[in-house]
Structures are given as C-alpha cells and as structure tokens.
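Here is what TrEMBL says about this protein:
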- D193: active site, nucleophile (ACT_SITE)
- Y314: active site, proton donor (ACT_SITE)
- H372: active site, proton acceptor (ACT_SITE)
- 15-126: domain 'Epoxide hydrolase N-terminal' (DOMAIN)
Amino acid sequence: MPFDKLPHEPTIALRPIKVSIPQAEVDDLQSRLRSTRPFKRTFENSRKDEYHGVNLGWMEEALRIWKDEYSWRDTEKEINSHSNYIADLEHKGHKYQLHFIAFCSERSDAVPIIMTHGWPGSIIEFLPLLRHLQSTYTPSTLPAHIIVPSLIGYGFSGPPPLDATYGNVDQALLQDQLMRGLGFDKYVAQGGDIGGFVTFKMGNVGKGCKAVHLNFCPSDRPEGFHDSTLDETDQALVKRQEETERVNMSYRDEHALKPATIGFACDSDPIALLAWIGEKFLIWTDDDLPIPTILADVSLYWFTQCFSTAMWHYRASYGREEDRNPDDLMTELREVPVGYSQFPKELFPSPAVWVKEKVDLVWHRRHDKGGHFAALEVPDVLWKDVMDFVGQVWKP
C-alpha cells in the first residue's frame, strides 16, 4: 500500500488495525433507521434554513439517504486504504489507546506533521486532504509525513479515564509522546476546533513540537483596541464572531455543564445523533457538505459509541469552576512560531492582529472561501497554507 511505510522504528507499542464494524451492528443501525416514526412538522423546523436549528426537509432527506443510499462499507474501505494503528501509551498512571492514520513519505527530508480534528469531527475530516495528497504526490515526492490521530474518546481511540479528569494538555502530551515514539524528534502540529486547542497546547508543552499552524484561534479584542482600524473584511468577520457567541454556542453549554445528559441522548438514538451533529456541519460551513459526507462522520460516532466519551474538552475548558482547568485554554503561545489561516465562515474568524496578541504569529493568510472544517471543505487550500508556513519556519 503506497504511503504506508513508517520512516523510523517506533519506540512505542503499535498495533496495526483494520476497521471492520460487525455486520450485526450495521444491520442494527439500518433497523433503527427504518423504524423511525415520521418527523412532526413544527413552526420552527419548517424554515428552509437553520435559523431555528436543523430543518425538517434536510432531516427527511438525510434519513432517506442513510437508509437507502449511504454505505458504511465504502467509508470503511477508504479508511482502510490508509495505514491505521493503535498506539499503547501511558500518561499520569493511566493507559491509553490512541488511534492514528500514518501517511508517510519516502523522502529523507520529509517534514513530520500531526493534524488534529475537533468536534463533531473525526478522522473523516482529513480523508479529502489525504485524497488530495494521493493525487498530487507519489511516496518519493511527498514533502511530509502526515499523522492523523483520533482524539482520545473519539472514533477508534480508547476512552478517557473513569477515575480522573482529562483535558487538552493531557491530549497534547499524549500526541507529543506519539510523535516522538514514532521517531519524530521534531515536528509541526496543525489543528482546528478542539484540535486547535490541542495543537496550541502542543506548542506549549510538546518537547518535539517546533511550529504550530492553526485554522482556528479564537481571540478576544485587545484592551483599548478600536475596530475602526480593521479593514472592512475583518470588521465583517468580527461581527460573525460576535454573532456566533450570541446564537450558535448553546450546544457548548450543554456539553460543558450537562455532558452526561446529551451523551445518553446521542449515544442511544441515531436520529438524535444526526440532528445534533448534522446541524453543526450545516451552520459551520461555507458551502453545504454532501449529505453522505456528514453521514460518514455521524456513522463513525454511532458505531464507536463515542459521543459521550468525546465531551471531555467542554467540561474541562468551559464547565463548572471545579471542573475547569485554566491551562487547557488558548492563553499564550510564545514557545514556537505560529501560522494562522483565517477562513470567512469560521465560527471565530479572529483578525490576525488580535491573534498576534497571544501567539508568536509569523505567518498569516486570509481566505475568501471556507469555514470551520477547512480540511473537509477546502483541503487543497489548507494543505498549501500548511506547506507555505512550513517552508518559512522549518529548520532541518
């Protein structure tokens, strides 16, 4: 299989895996979908947009496609077309199973890059980017080694501990341990959403992390800053950021304050899962994603029953005071150079001048297309950004 050879002998325990959901579970999902009673039309769900949340027409069409057209086996086949591993790691006295995809180069000067997803994403976010790399390079020309982990509690990774809190710093330390255990003493970290938080923290605490690229870096208005000094584009993006905080973050409070409740709801019913996750893919993107793409991600959550175990970031970052860890937030990053890609339909498309207040920002590019899921929406654009940034900061 091309791009499958790890460049170094690992010093951590690795197990190659093939994803294979039992047919009985695939059949069970189909049975649940086919027994769904008709949706009830309401004033709120009758709109054609997502003003009040996911709308009736989209839910009906998504359910139809999930039942009659979408194939999990096709998604599984694409995942398995890459090298998948489970790394057995230890951290603070606990054992963890960290899943990752390895997409490696044969070049001796290839740059190691770890790319981390967020919520409600998964490794599915990076499949289009890997497709782009497959069509653009050969193993002998690929300029980077790409490692795509599943966050702990997500997908094919194991869950966080039952007897200890877990947060972004913990994930960052695990991923640093992974990269160094794969023989990458120096690497670049890239991420968005929760993956952006984790990547930010890798820049703070990762022994091998030498540069950070973010496509998500929510930043507050600096004290005394006047928005009139921004150009029209950034002023509009600030308004989007403020609108996001006002009307699109109620889910965060539920995840942070009552994660057990929403976990039961979404882990036990595929329609609840589809509505809760599907809404985010509709609202947080520039152009609508194809429904089968969304179903691939929702199906992965369903088959791995990971919704409830994926709530740790929100509780640790935004939960009750006794649950929060201030170190988990994006506070300040001066240890390594930072690159920032700014997409217009990002939830918090903070101006670079704000971002620069808290990071060593050495590279920035603003785009006129793309949203929160850049790797999924505009994979070629994100890839070019990452490589342009790497070309500026990487020191062999």
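Including glycine, each Cβ sits where the backbone N, Cα and C put it.
Caution: TrEMBL annotation is automatic and unverified by curators.
When the domain 'Epoxide hydrolase N-terminal' (15-126) is classified with DSSP, helix, strand and coil residues number 38 helix, 28 strand, 46 coil. Cβ contacts within 10 Å of the residue listed as 'active site, proton acceptor', excluding its own Cβ and spanning all protein chains shown: 25. In the predicted model, residues of the domain 'Epoxide hydrolase N-terminal' (15-126) average a pLDDT of 98. DSSP assigns Y314 (active site, proton donor) to a helical segment in the three-state reduction.
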